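In what follows, a structure is listed as C-alpha cells, so that the remarks can point back to it.
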Amino acid sequence: MPEHAAPSYPFVYLASQSPRRRELLDQLGVRYELLAPAPDEDAEALEAELPGEAPDHYVLRVCVAKAQAARARLVARGLPAAPVLVADTTVTIDGAILGKPADAADALAMLARLAGRTHDVLTALAVIDATGELMPPALSRSAVRFAPAAREALARYVETGEPFGKAGAYAIQGRAAEFVERIDGSHSGIMGLPLFETAALLRAAHVAF
C-alpha cells in the first residue's frame, strides 16, 4: 500500500444549472453541491464561437473555460476543496454548431434543419481536481437521426417552450422524443452528461460514490 493514499471526497461541485445533469448525477449516486455563477458573471460570453472553429474543438474549449471559471469561483468564495465537474453540449450538422436558440424563429429553423437527417451531439466533460489541476477532458459523440417532420409539428413543439436553453433546440428526454428515429451512442451524453465518462473522471479525481 502507498504510504500516503490520496484523500477521497464525498461530493463534487457541479458548475451547471441544468436539471438534467443533476438528475443524471443522482442516477450515479454522486453527491454534489451546485457552484452557480454570480449574477455579475457573463457565463454566456464563454460560449461565443471562434471564426472557423471545428465543433469538437469548440465544445472542449468552452467546457474547459467554464471549468476554470468555476474553480476561480470556488477559490474566491473560500469554499472547501473538492473536485469541480463541468459539462457542455452542442449539436452539429454539416459542420455547423447549433447552440441554444435565440428565439422561436431560431428554434424552428434549427429543428427544420435537423428533420429527416442525422446529426451529431457532442458533450465535453472537464474535471478540475481538488488541488486545482485540470484533468484530461473527455468528449462523448453520439449520432441522432430525426424522422421527417412537418413544419406544423415542429412549430407546435416550439410552442411548448421546451427547445429554449437547449443545444439544437430540443430535449431528447422530453417531447422531442417523437422526432427521434434512432440514436447511436450515449443516451445520457445526448441529455448532457455521459455517465460512463463521468464516472471514470470522478473516480480518477477521488470522488467517493
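From the backbone N, Cα and C atoms, a Cβ is placed for every residue, glycine too.
Summarising the annotation, Swiss-Prot assigns site 'Important for substrate specificity' to R20 (among others) and lists sequence analysis as the type of evidence. For the recorded site, R20 (site 'Important for substrate specificity'), the DSSP three-state label reads helix. Long-range C-beta contacts of R20 (site 'Important for substrate specificity'), restricted to its own chain and to partners at least six residues apart, with a cutoff below 8 Å, comprise A171, Q173, M191, G192, L193.
Under the heading active site, proton acceptor, Swiss-Prot lists D88, citing sequence analysis as support. Mapped onto three states, the DSSP output places D88 (active site, proton acceptor) in strand. Cβ contacts within 10 Å of D88 (active site, proton acceptor), excluding its own Cβ and spanning all protein chains shown: 26.
Swiss-Prot lists T89 (among others) with the feature site 'Important for substrate specificity', giving sequence analysis as the kind of evidence.
The site 'Important for substrate specificity' annotation in Swiss-Prot covers Q173 (among others). The 10 Å shell around the Cβ of Q173 (site 'Important for substrate specificity') contains 15 further Cβ atoms across the protein chains shown.
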### Query
Over all shown protein chains, what is the count of other CB atoms within 10 A of the CB belonging to T89 (site 'Important for substrate specificity')?
26
